[in-house]
Amino acid sequence: MRNRTKWIGLLALVFLLLMQVACGNGKSGGNNAEPGKSSTGQSETGKSEASEEPSQETKQEPVKLKLMMHVADDTRKAIAQMMKDRLAEKLPGYEVEFELVGTATDWENKLRTYNVTGDLPDVFYMAGAPSFPIIKAGNVIDLTSYIQEDGFAKKYSDPAVLAPASDGKMYAMPEGFDFYFNPRLFYNKDIFEKYGLDIPKTYDELLAVSKTLNDKGVIPMVVPAKDFNGAGLFLNIVMMMLDNPQTVLDLNDHKIDWSDPKVIAALNRVKQLVNEKVLPEGVVNLDYGAAANLFATKKAAMYAAMTWDLSSIEKTPDVDFMLWPQVNPAVDPNSVTMYWGAPNSGYAVSSKSKHIAEAVKLAEYAAEISSFGFTEIGKSPSALKTDAKMDMSDLAKRNLEQFDQTTIKVPPLALNLGSKMFSEYLKLSSSLLTGQYTGEQFAKDIAKPWEEEKKGSK
Amino acid sequence: MSSFYNNRLALFLFSAPTLILFTLFVVYPLFPQIRISFFDHDGINYNGFVGLDNYRDVLHSSEFWHSAYNNVKIVLISTFVGLPISLLLALVLDRMSPGIRRYFRMTSFMPAVLSVTVIAQMWIAMFEPRFGALNQALSTVGLGDLKRIWLGDPETALPSVAFAFLWQYIGLNMVLFYTGIKSIPKTYYEAALIDGAGFFQTNVRIVLPLLQEVVKFVLVISVIGCLRQFEHVKMMTNGGPGSASRTVIYELYYRAFNMYEFGVGSVIAILFVVACLLITFMINNLVAREKMEF
Amino acid sequence: MVRNINRGVLKAVLIVLGIGWIFPLIWMVLISFKKPGEVYGSPFRLPKQWIFDNYPNALKSFDFTLYFTNSVIYSVGTILITLILGSMFAYCVARMNWKFKSVALSYVALGLIIPAQVTIIPLFMLLRSLHIKDTHLGLILPYSAFALSLCVMMLYAFFRTVPKEMEEAAIMDGCNVYGAFFRIILPIIMPAIATQIVLIFMNTWNEFFMAFILTGQEEFRPLPIGLLNFFVGRGTPEWGMIGAVMVVSSVPTILVYLGFSEKIENALTAGAVLK
């Protein structure tokens, strides 16, 4: 008994002492992000050649900067390598430490942690929901004046790509190509031929084809759903768009709520895809790799994916894409699509950087190399012009043509949600994929964060 | 002699480094959490003092209680299914030939030795509804009706994860029990055997009472391990579908890092630590007569 | 007779269970020899065609040496610090006369119930203000601090079983307290220390969460993080290579366990682990 009292006493004492230290420390955090201070890795550092200027006496210290990006796909891996390789030539006098994060989830976690602790690198890739808290915390600078002054803005062929955030500022250097990414329904031609199936033109035909495929032991359609939440990020939106593109636009502008019958109907259609076994059982746990693998090994007939995977998808023989099956006779699937790019996507510059002007240059460099890489390796068109040679495959060409001819391009609704709403939205979207959760329940459960989101936006 | 044990300098040199290191890296980081729990805090800024609002929020949140309930389920499964199995295996093992003992000790530890990433990936493959070994085996033996979408169904997701977790640590617990049994002097057994007691009688009358302390230790370690469960859930189901398989720590992670409600996250953290303290206290006082130094 | 049959059945059950436990190992090795397509569709069959290239390919595209070196540094560093500090602390709690020793023991035992996830952000800031973030020490110190709880509890139990006569004899020989501790007492509890080495090694080698958040730079990342990035970070996953990487990175833990397992048993059975 005596021990216990002592124990509590000691704890209380330690507690009081530490509260003092803790509070003092909490406030001072944030200013220690000295880019040069952290030790730089030899392997990760692209050292620039010493300046060739004859005036050796003004020997300048190299500008030390840190850049973080994710390298979740092979294209980005190659791009990161290019950034290291060309640094010396394009940005002499820069010493850049690259922090390359292997997965999108890791990258998101890193951004969150760094944002909280004030350790954001000088330049970093950001996009979608993780960018909002960073902007809100004032941790990134407005790039508008910089790129107007140095003429970088002129390199973008389509000014739409430079669309600012809702407050009129531009926080990230767009890479120019994400706008062209769109959700596609790829399919294995050989499977359809083998069973004498026609390409489904309407939603009902899709259900019928899927039934046949299931009977033959082939999975009709896969979509990545676990780490990359395909349902939340595009499938729900595609279903709304096929019914009425205006629904997506209105929801994006907060003009309607998730309880709108059209929204609920679209969500229920996703549920139905699971109930009718168009999507396989357990699709909710299908991660990116598994979905791609099932399609590539011809175990699944159709693959709903974003076109940034086009270059790896077309490595599978006998692959093509089809138009999304028609849901509403009034909406021609050939005329609507969803684009991907959102404001605040691209390379941002930390407001705590010691060398803001140089960091902006680095961000421009990063955006250009990304655009170059995605054009040359990823075969993706880009609004940020580079000297990349685009050697498009037939499939990629047709994808671009189809994209260009659509008259209505709906925004990637999910990317425009604030972080709270975004998390809840993805969570509920995964519930939809169990086939046991209805659009009505979804609308009810999303109501609270949605109200907060609407309030916050005003 | 007493001067030997009263050497102040030695006492200081022996105890201070541990206390400092431990306080600095384990205990100290808890305190900012306590402060944050009274604020509306988005991870970067204190957006005003909110008193007990965060506590109210958590206590009224059905998600939180659901995750707590999930933890309770995991604890119950591991305590009433996992530990008895481990104990029984240990008792059986004690009667086996040295070769078998050696083999079993080696293999039983394997899952605990391997990284969670590997274990989680393997169980994902096992539970896969179409190609996974589990459903395929069920079909083969004619129990097709029992097939489930193990990780994709809100009903079975948590039990499946719990099972994988349980499986990983059954062997470790068994080894702990086994070594406890080994430390019981052989003379006790011999006495019982002379009395003509069988396997069960010997164990119930002699081994179990002597094993009290070990049981308590394993119980504490295993209950706390279950309460802290995060990695398996994160890797196998991401807490889903929806929030079906979330544990308290997952919920904490979600509220703080995904929803940017660090105040709420801190409340969950504090409640968690308090709950763990209470539970350990209860085990210490209820399970065995003698107190464990804890 | 009945007894023998029972015994046989039990034996069979144990052997089957044992196979179940080494199953992940088998699974891993099988994958590492498969072609990508085979892994998902028939995960538990033998490869139709044995692909041996997975190993060299994986090691080429995965900076194994870097991650491995880091993991070794973290594990060895944590083991050293935890054991030195932990054994000294456990000794002075078990033996020396001071008022607060049981309080101190309970205090350190708190570490068992504080999950790192809870304190990760303050920890992150602490490391930064100590200027040890993104150094090896920046992970070794938190690891050691968290490992101390179990280590102290276990060693404490052992010290209590060591008879006081051992020290008395040492004093007679003219040892002071430090000499007695390092030359007489520590060697006696070597089996317990061996056990701790294995336990700490396994925990540190496989630790994921702290390493993930606290190591900002590739050059300081240990194997599990490198492994995860390799796992999910592939466009079209090359499962064969993933399997190969998993096997290679698991080998050290298995070796350490096998090497020390006999010692562990001795340690645990040497008595009174937990009394």
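Note: Cβ is positioned from N, Cα and C throughout, glycine not excepted.
Unlike curated entries, TrEMBL annotations are predicted automatically.
According to TrEMBL, the features are:
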- B:9-31: transmembrane segment (TRANSMEM)
- B:68-283: domain 'ABC transmembrane type-1' (DOMAIN)
- B:74-94: transmembrane segment (TRANSMEM)
- B:106-126: transmembrane segment (TRANSMEM)
- B:157-178: transmembrane segment (TRANSMEM)
- B:262-287: transmembrane segment (TRANSMEM)
Task = For the transmembrane segment (B:157-178), find every same-chain residue at least 6 residues outside the stretch whose CB is under 8 Å from a CB in it, and list them.
result = 70, 73-74, 77-78, 81-83, 85-87, 89-91, 93-94, 105, 107-112, 116, 119-120, 123, 127, 150-151, 211, 214-215, 217-218, 222, 225-226, 229, 232-233, 236-237, 240-241, 244-245
Request  = Give residue numbers and ranges for long-range contacts of the transmembrane segment (B:9-31): same chain, 6 or more residues beyond its ends, CB-CB under 8 A.
outcome  = 269, 273
Remark   = Lying 6 or more residues past either end of the transmembrane segment (B:262-287) yet within Cβ distance under 8 Å of it, the residues of that chain are 30, 33-34, 36-43, 50, 54-55, 57-58, 64, 212, 215-216, 219-220, 223-224, 227, 248-249, 251-253, 255-256, 294
Ask   = Under an 8 Å Cβ to Cβ limit, what residues of the same chain, 6 or more beyond the ends of the transmembrane segment (B:106-126), are close to it?
value = 89, 132-134, 151, 160, 164, 167-172, 174-175, 231-232, 235-236
